[in-house]
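Straight from TrEMBL, the features:
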TRANSMEM  118-137  transmembrane segment
TRANSMEM  167-191  transmembrane segment
TRANSMEM  203-220  transmembrane segment
TRANSMEM  262-280  transmembrane segment
TRANSMEM  344-364  transmembrane segment
TRANSMEM  384-408  transmembrane segment
TRANSMEM  420-441  transmembrane segment
TRANSMEM  447-464  transmembrane segment
TRANSMEM  476-492  transmembrane segment
Amino acid sequence: MGSGTRMEEGGGGGDGFVSKFTSSFIKMEKALNRAFSKCFLGKYFKLEARKTCFTREFRAAMATFLTMAYIITVNATIIAVSGGTCSTADCTPPKSADCVAKPNAGYEACLAKTKSDLVVATVVSAMISTVAMGLLANLPFGLAPGMGPNAYLAFNLVGFHGSGGPLSYQTALAVVCIEGVLFLLVSALGLRGKLAKLIPHSIRLACAAGIGLFIAFVGLQSNQGLGLIGPDPSNLVTITACKIVDPVTGACLGGRMQSPKFWLGFLGLLITSYGLMKNVKGSMIYGILFVTFVSWFRHTGVTYFPDTPLGDANYNYFKKVVDFHKIESTAGVLSFSDFNRSEVWVALATLFYVDVLAITGTVYTMAEIGEFVDEKGNFEGEYMAYIVDAAGTIVGSTLGVTTTATFVESSAGLREGGRTGLTAVFIGMFFFFSLFFTPLFSSVPPWAIGSSLVLVGVMMMKVVKDIDWNNMKEAVPAFATMLLMPLTYSIANGIIGGIGLHIALNFFDYASGTIKWFRNMRRMVVKEQNQVSATTTAAVDSTVEII
């Protein structure tokens, strides 16, 4: 009985310690929040006015960063497919014109350095843009190079290792820079919302879904993703996931659906999907982390560091863990020499169009989720928010990456209570700390990235429910837009096809409307002429009577 009493006293003492620690921690947190709200920064970010506090903004920033941190490796992996500034000059002798398309130790070493450069470029552009959003617009949004424009540059403008597109990597970056300047101009003039409304509603929705399908298609391929889809001489594409693959063509040589890398990536897809089902914060990165961690073990069938000279070099860099990588090949390489080509202007128009729709819509959607929008449809900081993401695109292009966009993952921070630009500043700080782990971010394998690309496509498909599928004038152009993007491997083709069909199907309405307008104008003119004639006749008659 005495023993039982001592145990109860001991338990009570433990509970008392925990309760005292919790109570003191809560008091410290309240004191910190109260003090910060009263200081200059607290007043600058309007913490009290927006009914938030320092620790809540910090938690919101952590939630947003965890959900969008995947973009660091995903963006670098996608853009690196273009080859960056690597060329045949980097190939190991004997050099040939097609050495960039075949396994070549020298070229692959150049690609590895380029990917590290792009990791840093992604982080720096995200950090600068997000901090600027917090300081200038006082909004809790995270920004980074967006999905869609990066795939458009890598696969449509430049092509696989620079061999399949009409433009060079340097020229494509110049196009992105000019697009950013135009974006900044229309933002400064307050025209972004008006330009977005000029495009038919169904086409706007279909563009988002079509880009999602395109990105998912990329994520299923072997060079950039899971490896489920490969080339087929009869049907163009087919299911592969083969154990043995032709390193040049990617064709299946044996062991269909037996690739261990595919099944590991598929497991990562299931992990991420389950996390999204349960609304687990950071779900997009957990699947990537699992697959990547398993792939870091050497001498396995799924290793990212095979027993080759390149694998050894990558492994030696990976072992550094902490390293500040300096951008060597992608910064400041913009080239404007080919701007006399029609392909440049098509690319510029496509990028500008997509960004006006996607980025403007995302910013406004985040503002609605955060309940910043007033009854007139405006929100505080709107003007500067548009200026910041446009300027971020210019900064990103000079570093070597594509259009900077507000991320929908910002909604994670909004759900955590983030209401001011302090959240964005904290997100920028998290990006800054990630700069020192370039060896880790550069060592994420494609089969770990593929699952996230597929799920990004899934999330972008939700807009199709808002298309009026019962109206063929809306449904046909929208479907064509969505279908052409992955099947022609071109975002631009989808947009052009959708708008062209919309104009063709509505041509009769446009023509009849124009004819009706001319008829009404003619009637008005005739009516006015009759009134003038009647007035003149009356005036003459009155003059005769007077005489």
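If you go along the chain as it appears here, the first residue is 1 and each next one adds 1.
Positions of Cβ are set from backbone N, Cα and C atoms, glycine also.
The model shown is predicted, which means the values in this text are computed figures rather than measured ones.
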Listed stretch, out of 118-137, 384-408, 447-464, 476-492, that has the most CB pairs under 8 angstroms to the transmembrane segment (203-220): 447-464
Stretch-level contact, the transmembrane segment (384-408) and the transmembrane segment (118-137), CB cutoff 8 A, at least 3 pairs: yes
Winner by Cβ pairs under 8 Å against the transmembrane segment (476-492), considering only 118-137, 344-364, 420-441: 344-364
Long-range Cβ neighbours of the transmembrane segment (447-464) (under 8 Å; 6 or more residues past either end): 70, 73-74, 77, 147, 205-206, 208-209, 211-221, 224-227, 261-262, 264-266, 268-269, 272-273, 276, 284, 287-288, 291-292, 295, 302, 408, 478, 482
For the transmembrane segment (344-364), sequence-distant contacts whose Cβ falls under 8 Å of one of its Cβ atoms, 6 or more beyond its ends: 141, 146, 148-149, 152, 156-157, 167, 171-172, 175-176, 178-179, 182-183, 186, 192-193, 195-196, 199, 204, 207-208, 211, 338, 373, 382, 385-386, 389, 393, 403, 405-408, 491-492, 495
